[in-house]
Amino acid sequence: MDAPGALAQTAAPGPGRKELKIVIVGDGGCGKTSLLMVYSQGSFPEHYAPSVFEKYTASVTVGSKEVTLNLYDTAGQEDYDRLRPLSYQNTHLVLICYDVMNPTSYDNVLIKWFPEVTHFCRGIPMVLIGCKTDLRKDKEQLRKLRAAQLEPITYMQGLSACEQIRAALYLECSAKFRENVEDVFREAAKVALSALKKAQRQKKRRLCLLL
């Protein structure tokens, strides 16, 4: 059995079609499930229901390639810290999400999610996602934040965290208004395919050296 995080050399399910496994992590309630549901099913969940482990499937075209995305939602709550690593096996890419209106979820990118992902998915590319960008203009949400002497997380703060965790990309989106949702998964697929190609080249190089 492959170790968690090993770059999976997934067999293509059909001529010219690639298959990728992408795991999405982040604090509970940060917008992971909404992002996945809007992208794969076209529906935005109006009520919050914590996920345990769910799998969604979608297709995306990258260049001339048809790519099947197997998208794994995970539970962000501490109760599932021991179970969540099971999702990481044979992952091609990890999306780390946070809520731009929840500074704690942003802090946890560095405190919790980056250490966990790099431990279980060594060498696997990451993409950082700032979710719920529509709420930056929500007066009630802003009032609540400022009452606690807090401010929304800015785009530049997101870029800074991306650099600190050495993620391949930083992207922002609003699942509710479908803003940048398709871009998130198209760009994630590009990053994963590029990493796969690099891993395959390195494998060939090692074989040549052995021969």
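Every residue gets a Cβ built from N, Cα and C, even glycine.
Checking Swiss-Prot for motif 'Effector region' across the ranges 3-11, 30-38, 48-56 points to 48-56.
By the criterion of other Cβ atoms within 10 Å of the residue's own Cβ, the least surrounded of the binding-site residues Thr74, Gln77, Thr133 is Gln77.
Once Cβ contacts within 10 Å are tallied over all protein chains shown, the binding-site residues Gly26, Gly29 are led by Gly26. Predicted-model confidence for the motif 'Effector region' (48-56) is 76, expressed as mean pLDDT.
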